[in-house]
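**Q** From TrEMBL, here are the annotated features:
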type: ACT_SITE; residues: H131; note: active site, proton acceptor
type: BINDING; residues: 29-33, 39-41, 111-114, 203-204, 227-229, C265; note: NAD(+) binding site
type: BINDING; residues: C139, C142, C163, C165; note: Zn(2+) binding site
type: DOMAIN; residues: 1-279; note: domain 'Deacetylase sirtuin-type'
Amino acid sequence: KVMPELTFEGLIAHWREHGFKNIVTMVGAGISTSAGIPDFRSPGSGLYSNLKKYKLPHPTAIFDVNYFQKNPAPFFTLAKELYPGSFEPTPAHYFVRLLHDKGLLQRHYTQNIDTLDRLAGVPDDKIIEAHGSFYTNHCLKCKREYDMAWMKEQIFSDKLPRCECKGLVKPDIVFFGENLPTSFYTSPDEDFKDCDLLIIMGTSLEVMPFASLIQRPGPRCVRLLINRDAVGRSSFAPWMDASEKRSLLYGKPKNIRDVAYLGDCDAGVLALAEALGWDEELQQLI
């Protein structure tokens, strides 16, 4: 075992006594739900459950690049509802910022397109937006770049964003059928080389290749899951094999390094901050 007690309390005791130096965070929609942004897959409240008004052939079509080119209107209607600037960062976002302020954050990998990490003050060079974001936008025809302010004006004027060349301008969000940013593939070798703590928050670990990041750290790196559901099992994601080589092993006999806090992300980070004596600093950021 990497540490004597593979529990949340055991991890805190180990952190207080030995510390961690190179922390990588990987997060999904679950860290933004308390800001009012829906996640994708929760039955009833998730984004995919509430897209009937768009009359899509299937819920994920709204993020399909081929469908978007034929019928972009549903995406931009949804974008107006979810647009950055209408929401505030959550305690989980500010906890990542606090890790950076303390010189502990190696990198922050996010599936989210809401840019709340930036708003919380996590620097650009620490963030890898694996699924892109609204931060930059490009014409699909001539590749001209447009900034966030321009795109926001178009969306809130209920216009389809058109380039001067008449091409459709699309936010640099990674749709199904598009490649992830180059940095997602080039950074992990460096980031996980000396990573001693991987914090996984608010993600179903269903979407590849993002979910495969849990396999990148070395065997002595502690992996902490803060999530409502007990994800990281083959029962949750088909790509995780039953032999457990790809899975998180918290609660399993062969576990040597995995810890789970099953609950809301905000509650998890607030409990961490309090136990580490960081609660005042976190509250000041919030």
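Yeah, the Cβs are placed from backbone N, Cα and C, and that goes for glycine too.
Nobody curates TrEMBL annotations by hand; they come from automatic prediction.
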**Q** With the cut-off set at 10 Å between Cβ atoms, which of these binding-site residues ends up with the most neighbours? Options: S32, N112, T203.
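**A** Counting Cβ neighbours within 10 Å, the top one is T203.
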**Q** Find the one among the recorded positions S32, N112, H131, T203 whose C-alpha lies closest to that of C163 (Zn(2+) binding site).
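**A** Sorting the recorded positions by distance from C163 (Zn(2+) binding site), the top entry is H131.
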**Q** Applying the rule Cβ within 8 Å of the centroid of the Cβ atoms of C139, C142, C163, C165, what extra residues of the same chain belong around the Zn(2+) site?
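**A** Sorted by sequence, the hits are L140, K141, K143, R144, E164, K166, G167, V169.
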**Q** Test of understanding: give the count of other CB atoms lying within 10 angstroms of the CB of A29 (NAD(+) binding site).
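**A** A 10 Å sphere around the Cβ of A29 (NAD(+) binding site) contains 22 other Cβ atoms.
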**Q** Rounded to the nearest angstrom, how far is the Cα of A29 (NAD(+) binding site) from the Cα of C142 (Zn(2+) binding site)?
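**A** The separation of the Cα atoms works out to 32 Å.
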**Q** Could you measure between H131 (active site, proton acceptor) and R228 (NAD(+) binding site) for me? Cα positions, answer in whole angstrom.
**A** 22
**Q** Counting only other Cβ atoms and using a 10 Å cut-off, which of the recorded positions H131, R228 scores lowest?
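**A** Among the recorded positions H131, R228, the lowest count of other Cβ atoms within 10 Å belongs to R228.
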**Q** I'm checking region-level scores; what's the whole-number mean pLDDT for the domain 'Deacetylase sirtuin-type' (1-279)?
**A** 89
**Q** C139, C165: which of these binding-site residues has the highest Cβ count within 10 Å of its own Cβ?
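**A** Counting Cβ neighbours within 10 Å, the top one is C139.
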**Q** If you draw a 10 Å sphere around the Cβ of C163 (Zn(2+) binding site), how many other Cβ atoms fall inside it, taking every protein chain shown into account?
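**A** Taking every protein chain into account, the count is 17.
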**Q** Just counting, how many other CB atoms are there within 10 A of the CB of C142 (Zn(2+) binding site)?
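**A** Excluding its own Cβ, C142 (Zn(2+) binding site) sees 12 Cβ atoms within 10 Å.
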**Q** Measure from the CA atom of C139 (Zn(2+) binding site) to the CA atom of S32 (NAD(+) binding site) and give the result in Å, rounded to a whole number.
**A** 28
